[in-house]
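Feature list (source: TrEMBL):
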- 49-297: domain 'G-protein coupled receptors family 1 profile' (DOMAIN)
- 34-57: transmembrane segment (TRANSMEM)
- 69-90: transmembrane segment (TRANSMEM)
- 110-128: transmembrane segment (TRANSMEM)
- 148-166: transmembrane segment (TRANSMEM)
- 208-232: transmembrane segment (TRANSMEM)
- 244-267: transmembrane segment (TRANSMEM)
- 279-299: transmembrane segment (TRANSMEM)
Amino acid sequence: QDKLEFSMGPENETAVIEFILEGFPELDPRLQVFFSRVLLLMYLTTVMGNATIIFLVCVDHHLQTPMYFFISNLAFLEIWFTSSTSIKLFVMLSSGQNTLSLSSCFAQNYFYFALGCTEFILLVVMSFDRYVAICQPLLYAAIMKPQLCVHLVVVAWVLSFALLSYRLLLLSELSFCGSKIPHFLCDNSPLFKLSCSDTSLLWKIDSAFLSCVVLGSLCLTLAFYSCILFCVLHLPAASGRKKALTTCSSHLITLSIAYGSCIALYTCPAEDVSLRTNRIVALLNTVLYPFLNPFIYSLRNRSVILALSKFIARARTKL
C-alpha cells in the first residue's frame, strides 16, 4: 500500500493506524467505473431532490405546515446520511483510494448509526402527524402546534446523537489486529471482527439498542398506519379512499426497504449474514432508500409540484 498501515505501539505490539475498505473486489474494473457513475448520478439526484424540497418549504407559505416541516427535516437528514457513505464509495470505485484513518472510520460509523436512529424516530413522528391529520382532523390544529413540531424534531436529533455517543467511547478503546474491511463502509460486523480486544460488550449493547430502536419504531409506525388505513377504508368517497391508499402504499414500500434492510443487517446474528449479502443490503439502505424518498414523500405531491411550478414561473418573469 501507498501508506503505512501499521505502527509499533507500546510493548512491541503492532497497532493498526488506518483501514482499507475493500468495497466490491469481485467487480471487474470497468464495471466498477460504470457503477461509480451510476452511484454519482443517484447521489446528485438525491441531494438535489432533497435540497429542492427544503428550499420549497422555506419559500412557499402553503408548504409551511407540520407535514412538510417534518418532510423537510427528513430531506435534510437524507442528504447527510447518504453523504456519509456514498462519497467515499464513489472515490473508491472511481480512483481506487480505499484507505481510511481510524478516526475517520469511527466517525463514519457514528454518524451512520446516529443519523439512522434519527431517521427512524422522524418516521414515527411523521406517521403520528398523518394519523392525527386523517383520524383526528378536527383536533389537528390544536395538537400539531408549531412548538410541538419543533420539540419533536429537536428530541429526535438530540436523543439519537446523545445516545449513540457511547459508540465513540467504546470504539476508541479497541485495538485492531487487521486492517482490511471487506465492506464499503465501517459497519459493525466487519469492524468488530478485526479487533484484538473483547467486543462482546459492544456487541450486546449494539444488539439491544439497535433492536430496540428499529423494532420499537417499526411497531409504532405500523400501529399509526394501521389506524390510518382503518380510517381510510371508512371514508365515504371512493376517490378519497383511492388517493389515501395510493399514498399509504407508496410510503409503506419505502418503509419496507428501510426497515427490511436494517432488520436483516442488525437484528439478525452477524454470522448468519454473508459479506456479499451484507454489502448489497447496505446499498439498499444507504443509496436506494435516500434516492427514493424525495419522490415518494414530496415530488409526486400536487402541492409540491404546484409550488415548484410557481417558483419556476416567477424566476422566468424576472429574467
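Glycine is treated like the rest: Cβ placed from N, Cα and C.
Annotations in TrEMBL come from automatic prediction, not curation.
Most Cβ pairs within less than 8 Å of the transmembrane segment (34-57), among stretches 208-232, 244-267, 279-299, belong to 279-299. Regional average pLDDT for the domain 'G-protein coupled receptors family 1 profile' (49-297) in the model is 86.
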